[in-house]
Amino acid sequence: MSAYSRPVLLLLCGLLLFTISIAVLNTLVPLWLSHQQLPTWQVGMVSSSYFTGNLVGTLIAGRFIQQLGFNRSYHCSCILFALATCGLMLTVDFWSWLGWRFLAGIACALIWVIVESALLRSGTLTNRGQLLAAYMMVYYLGTVIGQLLLGIVSTQLLSVIPWVGALVITAMLPLLFAQFSHQSRHESPPIAVWPMLKRRSARLGINGCIISGVLLGSLYGLLPLYLSHKGMSDASVGGRMALLVSSGIIGQWPMGRMADRYGRLLVLRIQVFVVILGSVAILGNYAMAPALFILGCAGFTLYPVAMAWACEKASADELVAMNQALLMSYTLGSLAGPTMTSLLMQRYSDNLLFIMIAGVAFVYLMMLLRKPDHQQTPYAAV
């Protein structure tokens, strides 16, 4: 039987529409704040409030799904995101936007956990990899479409918010025609997340997820601001962001194949080294588009390879707790990255964005170059 059943396809359709909305706002929110002459550190704090919401949403998602089920929790999360989006029209104020983006971050994290969990519950041991691969491709595709739309439609606040809100409401419709059961055949006691974070064999993978969060959080939150300060229009910024994310889509398959064939450790070393090269190329004012392309190829594929490394020695019963620990690690990184980087950019120079990215990547590369604990196999079953 095909892994892509009717409910799965409907769920992925809803995710695509929702992700387009996320991508549009993640790019335009920093630009709107910049146009209002807010200082860089405040723009970074608004980005960080979104990632703080991601962290809170990750922590409450399990109980939320348990209480409401997949379908109702999905619809409630969409409504929360739509309300947080419409709230941006009330006033362009630092404190109010801090709150609205926090709520939007909670809604996004809930949607991610709901969709991932529903896909895992729908799949089997033989097709879960296909389902999660489709999930990542849909997510990145929605991100690219959202960036490309910025070159077609008006980017004014009062023009964007109504159709983005309508798109989120439309994303609720597919799950009206699909039902996902959240009851398991036999309940087992939940496994704590904290022991997963302390597991020695998973340390490099967990650190990789943190670094990935710092990298992607900074790029999503501050690269639009960096490009805007370079004199680019909103449409040009959207095009550069689309290039960045598209390179991540292109890099997914070859990086996964390399990791399967040559081992996670070697691929992680290559990815981190390429991130450093891309950052240095941008700082050296070399061709921006090729530099962003190689940065996206390496940076956007770092998280799944690090996640596979961390899950390598986790038993089947521990996978949910380990995945939760990894998502928390990523979220903490994506929270810390824009906060620290925006303060440095405000104090010194916009170039600190790529200096910070190259710096944290170099630290992780030093960890990877140390001899790791012996592994029975360099490959991980995904």
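The backbone N, Cα and C atoms fix where each Cβ goes, glycine too.
Annotation source Swiss-Prot lists transmembrane segment at 8-28 (among others). Remote same-chain partners of the transmembrane segment (8-28), defined as residues 6 or more beyond its termini with a Cβ less than 8 Å from a stretch Cβ, comprise 50, 74, 78, 81, 85, 104, 108, 111, 115, 118-119, 122, 131, 134-135, 138-139, 141-147, 149-150, 155, 157, 160, 164, 167-168, 170-175, 177-178, 180, 220-221, 224, 234, 237-238, 241, 245.
Per Swiss-Prot, transmembrane segment is recorded for 41-61 (among others), and the stated evidence type is sequence analysis.
Remote same-chain partners of the transmembrane segment (73-93), defined as residues 6 or more beyond its termini with a Cβ less than 8 Å from a stretch Cβ, comprise 14, 18, 21, 25, 29, 32-33, 36, 64-65, 67, 99-101, 103-104, 106-108, 110-111, 114-115, 118, 157-158, 161, 164-165, 168-169, 171-172, 175. Sequence annotations record features per position, and here Swiss-Prot assigns transmembrane segment to 73-93 (among others) based on sequence analysis.
Among the features that Swiss-Prot reports, transmembrane segment is placed at 94-114 (among others). Non-local neighbours of the transmembrane segment (94-114) in the same chain are 15, 18, 22, 25, 29, 33, 38, 42, 45-47, 49-58, 60-62, 64-65, 70, 73-74, 76-78, 80-81, 83-85, 87-88, 327, 331; each lies 6+ residues outside the stretch with a CB under 8 Å from one of its CB atoms.
As annotated by Swiss-Prot, transmembrane segment applies to 133-153 (among others). Outside the transmembrane segment (133-153) by six or more residues, the chain places 3-4, 8, 12, 15-24, 27-28, 115-116, 119, 159-160, 163, 234-239, 241-242, 245-246, 248-249, 252, 300, 304 with a CB less than 8 A from a CB of the stretch.
The transmembrane segment annotation in Swiss-Prot covers 157-177 (among others). Away from its own ends, the transmembrane segment (157-177) comes close to residues 10-11, 13-15, 17-18, 20-21, 24-25, 28, 32, 71, 74-75, 78-79, 81-82, 85-86, 88-89, 92 of its chain (Cβ-Cβ under 8 Å, at least six residues beyond either end).
Annotation source Swiss-Prot lists transmembrane segment at 208-228 (among others).
The feature transmembrane segment is assigned by Swiss-Prot to 274-294 (among others).
Summarising the annotation, Swiss-Prot assigns transmembrane segment to 325-345 (among others) and lists sequence analysis as the type of evidence.
Here Swiss-Prot flags 349-369 (among others) as transmembrane segment, drawing on sequence analysis. Note on the transmembrane segment (349-369): residues 204, 207-208, 211, 214-215, 218-219, 222-223, 225-226, 229, 265, 268-269, 272-273, 275-276, 279-280, 282-283, 337, 340-341 of its chain, located 6 or more positions outside it, place their CB under 8 angstroms from a CB of the stretch.
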Among 41-61, 208-228, 274-294, the most Cβ pairs under 8 Å with the transmembrane segment (325-345) come from 208-228
